[in-house]
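A.B. asks: Below is one structure. I have some questions about it.
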Amino acid sequence: ATFSEAPPGDPKAGEKIFKTKCAZCHTVZKGAGHKQGPNLHGLFGRQSGTTAGYSYSTGNKNKAVNWGZZTLYEYLLNPKKYIPGTKMVFPGLKKPZZRADLISYLKQATSQE
């Protein structure tokens, strides 16, 4: 399934998902530091493995995917399958609505100045 077939995302629900499943390892605010995972500010349109100051796996650097709705939708289903060798231990979100909600939240949260 593709992002275009996903239900419309709810950023409020996506924020809850981020706080419970992602915030332990990621930040979204501009200028916030890296944690176990990289800061996600400016994520949309950025190439994987290119955030300054974060040490990525070779798999992430070599994948060279441009992050957007479609690529995140596929990645968040099964990160280790999408980018073999990724350091991200998160198993993924199987429910299409959860992925759509999270992407909707990330679009807002990672673009705020």
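Any Cβ shown, glycine's included, is placed from N, Cα and C.
From a predicted model like this one, the values you see are computed outputs, not experimental measurements.
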A.B. asks: Which residue, chosen from LYS19, LYS80, LYS87, is annotated N6,N6,N6-trimethyllysine in Swiss-Prot?
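C.D. replies: Per Swiss-Prot, N6,N6,N6-trimethyllysine applies to LYS80.
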A.B. asks: Of the residues named as heme c binders, CYS22, CYS25, HIS26, MET88, how far apart in Å are the Cα atoms of the most distant pair?
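C.D. replies: Of all Cα pairs among the recorded heme c binders, the widest measures 10 Å.
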A.B. asks: What number of additional C-beta atoms lies within 10 angstroms of the C-beta atom of CYS22 (heme c binding site)?
C.D. replies: 21
A.B. asks: Quick one: among the recorded positions ALA1, MET88, which has the most Cβ atoms sitting within 10 Å of its own Cβ?
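C.D. replies: Going through ALA1, MET88 one by one, the largest Cβ count within 10 Å is at MET88.
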A.B. asks: List, in sequence order, the same-chain residues at least six positions removed whose CB sits under 8 Å from that of HIS26 (heme c binding site)?
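C.D. replies: Those within reach of HIS26 (heme c binding site), by Cβ under 8 Å and sequence separation of 6 or more, are PHE18, LYS35, GLY37, PRO38, ASN39, LEU40.
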A.B. asks: In whole Å, how far does the CA atom of MET88 (heme c binding site) lie from that of LYS80 (N6,N6,N6-trimethyllysine)?
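C.D. replies: Here the two Cα atoms lie 8 Å apart.
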